[in-house]
Amino acid sequence: MLTLLEPPGAKRSPNVGNYNNRSAQHLLNLAPDEEDLYETYDENEDYAENERTGNILTRTFQFLDRYLVGQSSSADYNDRWKREFRARPSWCDADLCLQQMNRGKATGNRYALYSRSLIQKLLFALGNAVHRNAWSIILVVSMIFAFCCYGLQYVHIETDIVKLWVAQGGRLDEELNFLPNMKELMRNESVDSGPEIPRENGLGGGYQVLIQTPEFEGQDALAQGPLLKHVEIMKHIASFNVSVHGVDWSLSDICFKPAPPSVSPDSPAASLSDVIDKIVPCIWITPIDCFWEGSKALGPHPSLPKSALGLVGMLLKALPDHDMIRWSDFDPIKVIDEIHNSFNLGSHYTFFERAGVGHGYMNRPCIDPLDPECPPMAKNYFDVCPHVDKIREVASKYGQELEQEKQKDTGFDVFSFFGRKKRETDQQPQMIHPAQPADSIPVVEGAVPADIPVTADPVTTTTTLSREEVENAKKIKDREMREHCKSYRKSTFNWLKANQDKWTEVMPENVYPKNVDYAEEMTGGCSGFASNVLNWPEDMILGNPRHTKRGGKLTSADALQSVFLVASPADVFLRFKQKQGRNPPKSGLDQEAWNETAAEQVLQAWQRNFTKSLYTHEANFDADGNERRTLHPLASTSIADMLEEFCQFNYTIIFAGYALMLAYAIITQARFDSCLPATESSMGLALAGVLVVTFASVAGLGLATWFGIEFNAATTQIVPFLTLGIGVDNMFMLLHNYRDVVKLAGGHAEMAILMRETGMSILCTSINNILSFLTGTLLPIPALRSFCAQSSILLTFNFIAILTIYPAIISIDLRRKKAQRRDLLCCLYGDTREESYSMISKPKIPSKRIIGAPSEASIMQQFDGITQAQMASSDDPAPYSLHAFIRYYYIPFISRPACKVGIIIGCLVLLAASVYGMQQSTLGLELGDVLPEHTAPAQFLRARDKYFSFYPMFAVIKGPNIDYAHQQRQIDNYRQSIGSSKFVIKNKNEEPSEKYWLGLMRDWLISIQRGFDEEVAKGSFDLVTGTVIAANVSEDARIAHALMCSHGELYECAGRVGKIRLVDASGIINSDGFYNYLTAWFNVDHMMYYVSQASFFPTPPKWELVKENKENFIPAAKPLVYSQIPFYLTGLTDTGVIVEAIKDIRSVCDRFTDQGLPNFPQGIAFTFWEQYLFLTGNLMQAISIITISVFCVISVLLFNPWAALMVVCILGIMTCELAGFMGLVGIKLNPVSAVTLITAVGIGVEFTVHVVVSFLTALGTRAQRTSSAVDRVFVPVIHGSFSTLLGILMLGFSEFEFVVKYFFIVMTALIGTGIINGLILLPVLLSWFGPRREISPADGKTTLALPPPLPKNLNSSRSGGDDSDEDDEPSGLVMYSRQAPPSRTSGGRRGTPGGNNSSRRLPAV
């Protein structure tokens, strides 16, 4: 007995455990041998490779054998591992399999085994290197990762939604950047001649938008209440101020205004330039422009006193008597007529005529006829003066006394003094204009009141009074009546509003104040202060307008929308920059600090405060203070501010998600002994694994930042959780095999064996995951490209960490286990439950059984038999565990033929439902889904999607190689062709509703030609010499003369003046002077240029008419590089319709481009929906690429195309089912969901490749190999699935609706389909059609015997000796395993107890 023991501290013989070293241990073996582990062979067998000669294939095999075969020896492993090898030979060691094939003991897929052997040797070497240098590996890789993390300081979060959405380098990107690029190329050639037109991008930019929605379902927006509410909101916005740089700023300071008519420095009106600038109103698009109340918000803001006009204000009779100039009682044409009669405005006067300024708002109906300021020209004006006394009487009857308004005593004012003197001394009787309000009629000699009825009491006259005295007395009486009416006007209107039930006591019913038909007034849209050029279509200002019939009268609408045009920072800077000879534009503004940056700060401050003030406006809350949002503002800063806020990492959610993953990992790996962590527990490894994946993810983000990949909402909201969920899958695979490998390796190179056996699956899944996200970068959406690129980088870092840092940590934990220290509490020792070493072999104790569980024999029978070797290679699962359920219930269940048929039928039904779901799928992504649901911008976008189907667009003519002069007709046809689209709003003449620059220029030239013709008829020009001969020629005629004389770079009048027409009878502008005319129109008709939204680049040179009869050469404008034509699109209700409209308009643009007119469309519809034109093609391309990539990767790694094809088929079914699920639940197809479908192909590999690899490497029939594969990998795959689910679980709490809908829900469905197809359908298909096993014993047995051990010298030279550490070898007593190798005789066979299994033949599969 003592001879069987070694003295303490003795080293084990190098040959211990080898077959060549017999031991007496078998004498004490109390248990009989269970199976035949060994093969008889000749002791003197030659292990040198036989020299073989033959064809190229043979020489190739010889070359591969030299480097890939003979590196492993069967003597290096214990019996437990050898039993594992007999059941799964190529899984354990492909080298040994090839040795058996070279010896003629086995056949199989030699190419696959060569590939497997190469990969296994590399992984084996990696495992050994990590084990030897664990701390060094951790330190070096961690330092590299830490350096990558340093890049996080350069993180830039992109919040510009256009940059996030528009494909870089594509057609749309080129079109959006065409103008900036041309400006950069021609920056020295442009001339800044006026404010820049606001660039519409659909989400603010030059437009700030307000939508008013109904307070309750079914409320008509075209009623007095909602309209007056909109008026008050507009007044609030117009008067809203912010303080920036110590100065107050209002909307009128930053809004876009049309340029006022240019005033010559020597003109009497030159001193009024500042006042004119303030009077010119902002351009805003609003439904209340249909009514007089639309003028209330126009201001001017701040208030402009009449005294600011100086002497002119005193002399102008057309101005109202108020101290302030207000658009609410300002009659523009009346003032202009008076000024024109005094100063002859020349061409400016014709401008007002063409613009349709008219009476402004004075002749528009009032929303509220009981408004005291409602003008007499309004169609529903109510004259309260005849009823004042009666109203006072009735009010007194009910105990109400009307308050008399005291007239303001302004004291002495020089302007009013001279004005009064002038009126009193004027002897010429004048008629009062009917548009003038009754309360502002001045006292004028000889005037007849227009709105005051003649009193019933005639003025008493006597023969002693002259006619003049009688008239004066009458005027005095009328003045008193007006003053009396005026003093009670406001109180009487208020009484009438509050006492409508008492109107019958005051006036007959036929004179009641009457509301107009608001819907009828708004039919066809509304007009701004210049009705001929500022027209707002119905669809732009009314939500869901309804009509009696198509093109008929408007009946109702659901919502109202107003749009404010805001100037660019450069325009605001120029507007308030000190001009020579002018008053300071803004009192208190520091001109030295004033620049474009300061102007931009003003714009952003106003916009942010504007939206905040409306978010908290009282109209958004009901009487109880509960939120009832009816006002939805959007500024250009709203989207960017909101994205910037929510694109920040939400560390609370991130920490919660990672804590949940930690808890799950720790719980699944926990083992306890006496209420303390057991030695076999791996909680520390689970904790370390999650931390390693986290560290790798952070380092990956840092490297992505180094690469210049910008962060966005997808980065901060999705990437941390998605990569965590995917990254820990490999961790669970390593941990699952770790326990088995520790048992199987028997103290020899455990880490190398772990990496060799597990690494192949990790390689397959990781490479395919990385490739799937890389393929996602093919979608040309910058935000999604960044997301996919970052995800692929993070998964690569996770892959590196799992192959380096984590195995090093496992190696350290392995030493803890060997020292039998407890998990986490390493200072404490625990009792090992694995009796790896014992003095003597103990009798085999029957394993625990689950009560009611079927016996192993019955299970084998149902499976078509799992070999005893396969069962012996794995321990019995713990009772009531998932593994026990899989082995004893699930595998027998799916092995039944009836169940297989049922599974196939069920999956076919599921696939059919998916095909139906795909047919129900629609294109689209609501912009509101991209934003957090509770935010105001998201609610605005949803309100717009619900109520408005209107979008503006521009047709851009792309120079500079366009001859505008000779392509005028083609440009007209181009505009008309786009206008013929059913989506373009048209006027009554079936032309596009919006005027454009070429038509407006043509109209101006025609009016100039008319003025010239009038002067020619008077003989003002010498038509022979072309000179001006008259002294007083109209301005229009002199401009026409300059136009006729100027052509190109020449100034020639003779033979041209009076001979050529500026515009011919067919409407074509004279071509030889076209660019000269363009300069003149741009400078003279400046306001029309801005109204046209032409946005010329380069802008024409400055020019002004010289009044003296001197040469008025007009320089020619340079050929236009950029000009645009505005259109309004309507009916764009959903993505399908928008895509149809894009195709329709694009076809027109492409046709004219082919005809020599380069052009392109531009607008929000094209910016955000054009990518749907190519989405299906891009998606199919990406899915095809990733599918081929997966096929190639698996084919190369496994060298089995049939296995790769089966994996790809399952992935295709999963993708179809996922797409069908999206269609059934209403998740639309868009670039975001397309990314999910693409990555699903790669992520789906997680559910399939583990099963296929295990199937390929097992022995037995297809049914046996399928059962073995499911038994081996089901648990780690399920753990990986749950870990992925836990990783994305926190996405369900994201504030972004699109994250929840398009990632959490879709990824959860992907996990479900992966489990169904990878763990239910795939095993069934493998049991029927699975690929051939990689190796088969030549004798047809169900197990493969190990090759004989390599000679010591050959083994040492090839394997480099024993890779195990000295510390791993036990010292002292040698405790052999009870399954020590039995003795054998040379050339003989030993008995095979229980050998029924070994004599069994395999079918030819």
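Using N, Cα and C of the backbone, Cβ positions are placed for all residues, glycine too.
Please treat TrEMBL annotations as automatic predictions, because they have not gone through curation.
Note that this is a predicted model, so its numbers are computed, not measured.
Per TrEMBL, the feature region 'Disordered' maps to 1-21 (among others).
The domain 'SSD' annotation in TrEMBL covers 650-812.
Annotated transmembrane segment per TrEMBL: 651-672 (among others), in sequence order.
Here TrEMBL flags 684-706 (among others) as transmembrane segment.
TrEMBL lists 718-738 (among others) with the feature transmembrane segment. Counting only same-chain residues 6+ beyond the ends of the transmembrane segment (718-738), those with a CB under 8 A from a CB of the stretch are 649, 654, 657-658, 661, 665, 668-669, 682, 685-686, 689-690, 692-694, 696-697, 700-701, 754, 757-758, 761-762, 765-766, 769, 787, 790-791, 794-795, 798-799, 802, 806-807, 810, 1243, 1246, 1250, 1275-1276, 1279-1280, 1283-1291, 1294, 1299, 1303, 1307.
Look at TrEMBL and you will find 759-781 (among others) tagged as transmembrane segment.
The feature transmembrane segment is assigned by TrEMBL to 793-812 (among others).
Residues annotated as transmembrane segment in TrEMBL: 897-918 (among others).
Residues of the same chain lying 6 or more positions beyond the ends of the transmembrane segment (1179-1198) and with a Cβ under 8 Å from any Cβ of it are 112, 115-116, 119, 760, 763-764, 767-768, 771-772, 775-776, 778-779, 1204-1205, 1207-1208, 1211-1212, 1215, 1229, 1234, 1237-1238, 1241-1242, 1245, 1249, 1252-1253, 1256. Summarising the annotation, TrEMBL assigns transmembrane segment to 1179-1198 (among others).
Among the features that TrEMBL reports, transmembrane segment is placed at 1205-1227 (among others).
The transmembrane segment annotation in TrEMBL covers 1233-1261 (among others). Long-range Cβ contacts of the transmembrane segment (1233-1261) within its own chain (Cβ-Cβ under 8 Å, at least 6 residues beyond either end) map to 86-91, 112, 726, 729, 733, 760-761, 764-765, 768-773, 775-776, 779, 784, 787-788, 791, 864-867, 869-870, 1175, 1178-1179, 1182-1183, 1186-1187, 1190, 1194, 1198, 1200, 1203, 1206-1207, 1210-1211, 1214-1215, 1218-1219, 1222, 1227, 1268-1270, 1272-1273, 1276-1277, 1280-1281, 1284, 1302-1303, 1306-1307, 1310, 1313-1315, 1317-1319, 1322-1323, 1326, 1330-1331, 1333-1337, 1342-1344, 1402-1403, 1405.
As annotated by TrEMBL, transmembrane segment applies to 1273-1293 (among others). Among residues of the same chain six or more beyond the transmembrane segment (1273-1293), those with a C-beta under 8 A of the stretch's C-beta atoms are 653-654, 656-657, 660-661, 664-665, 668, 717-718, 721-726, 728-729, 732-733, 736-737, 882-883, 886, 890, 1243, 1246-1247, 1250-1251, 1254, 1299-1300, 1303-1304, 1307-1308, 1311, 1314-1315, 1318-1319.
Residues annotated as transmembrane segment in TrEMBL: 1299-1326 (among others).
Residues annotated as region 'Disordered' in TrEMBL: 1339-1405 (among others).
Per TrEMBL, compositional bias 'Low complexity' is recorded for 1395-1405.
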- Message: Would you say the transmembrane segment (793-812) and the transmembrane segment (684-706) are touching, if the rule is that at least three C-beta pairs must lie under 8 angstroms and be 6 or more residues apart?
- Response: yes
- Item | Long-range Cβ neighbours of the transmembrane segment (1205-1227) (under 8 Å; 6 or more residues past either end) | 907, 910-911, 913-922, 1183, 1187, 1190-1191, 1194, 1233, 1236-1237, 1240-1241, 1244-1245, 1247-1249, 1252, 1301-1302, 1305-1306, 1309-1310, 1313-1314, 1317-1318, 1321-1322, 1325-1326, 1329-1331
